[in-house]
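Annotated features in Swiss-Prot:
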{"type": "BINDING", "residues": "15-16, 90-92, 122-123, GLN247, SER296, 301-303, ASN309, ARG335, 340-344", "note": "N(6)-(1,2-dicarboxyethyl)-AMP binding site"}
{"type": "ACT_SITE", "residues": "HIS171", "note": "active site, proton donor/acceptor"}
{"type": "ACT_SITE", "residues": "SER295", "note": "active site, proton donor/acceptor"}
Amino acid sequence: MQLSTLTALSPLDGRYQDKVTPLRAIFSEFGLMKFRVAVEVRWLQKLASTADITEVPPFSTQANAFLDGIVANFNEADAARIKEIERTTNHDVKAVEYFLKEKIQNEVELVKVSEFIHFACTSEDINNLSHALMLSTARDEVILPEWQKLIDEITRLAEEYKTIPLLSRTHGQPASPSTVGKEMANVVYRLKRQFKQLQNAEILGKINGAVGNYNAHLSAYPNIDWHKFSEEFVTSLGIQWNPYTTQIEPHDYITEFFDAVVRFNTIIIDFDRDLWGYIALNHFKQRTIAGEIGSSTMPHKVNPIDFENSEGNLGLANAVMTHLGQKLPISRWQRDLTDSTVLRNLGVGLGYCLIAYASTRKGISKLEVNQPHLLEELNQNWEVLAEPIQTVMRRYGIEKPYEKLKELTRGKRVTEQAMREFIDKLDIPQEEKLRLQKLTPATYIGAAVELVEKLS
């Protein structure tokens, strides 16, 4: 059976492959090879730029350009060659080293120093930096831009619907009114916090040998400050340096990275469920799309499938990333290999994220507030004005204001007339009575509009 979108085992590479395309060049095996090649080449160039390593003299402009070209022009044929070499070596990182030696075999200047490719490195020196570059690239080029799109869409809802009143529900029961826009603004604020946390998350790397002590480095060049050398190299890649490790970078930062994504996703799940509920309550209508079918047997159905799809995929994403976050920081003694197979799934959780984010945005694009229904619902719940009335009563020293409103309203459907009559009987200044008489459930929205306007 030929591999295709129809025969792929994972829906990421099958049904949903077009939605995860931006991640394939980063987290596929091709992507991992590309970053490994880049790290190996930059390490060789770093060695050549160090005067104390006389065996690797400074490279000429032509030699550096050739090496830069290997990195910049890395393609699928190169990746296929690495896989071919690996069939002999049975070692993926060693295959990259041999591939690079092949690439430079006709470059006299570089052939002379070919044994300094992968010099003093353990495989994990190359791998951890490659993984760091993968996560950094995905964050900056894919995930944060996707997050910004979602934030922008929900911000648009907040601004568009900032004045449309909404009957709130706490514990599922009618509560003090808000506005549709303010409820969207709450979500935006939460998402922006997580955006900043991922944006500022540290991405760490190390290059310090088989157990983190520069043993091999010092055996060959005991007079070089390898601690400083390591820091310079790691930071030159745009990665923060971790000076204290075993054979592996301990992956704590990966847990922190995925925890931030999981928190963002959890907020979106909350948003998806709220929108699903608002649609069920008829607060929102969904624009229909010609040709779409909601049910195989019930022709009338327009289901909130986009929010459901998002919720489901975010659940998968969070499950994968939570496992990575819990497993990766644990490695026996100076290292075991349990992290290796898990790290090959770095992009899986993020792939499910992309599917979900696209679904949430699609669901948002179909939304249309059902304002007449919202106003009708508010008009049926005059009891929500018990809160402002009893609060004003407290101000003017009326005895047991809460209890009096409780007796009038608790568990009851109160009419406008009943509330007006109650206000008329209050022993409070006339201007306060008039102010309370003007209140309706639709106008009792506090500072909701102003809070939306302050969001930006």
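Placement of Cβ uses the backbone N, Cα and C atoms for every residue, glycine included.
Model, not experiment: these values are computed from the prediction.
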| query | In Å, rounded, how far does the Cα of HIS171 (active site, proton donor/acceptor) sit from the Cα of SER123 (N(6)-(1,2-dicarboxyethyl)-AMP binding site)? | reply | 54
| Can you count the other CB atoms that lie within 10 A of the CB of ARG15 (N(6)-(1,2-dicarboxyethyl)-AMP binding site)? | 13
| query | Under DSSP, is ARG15 (N(6)-(1,2-dicarboxyethyl)-AMP binding site) helix, strand or coil? | reply | coil
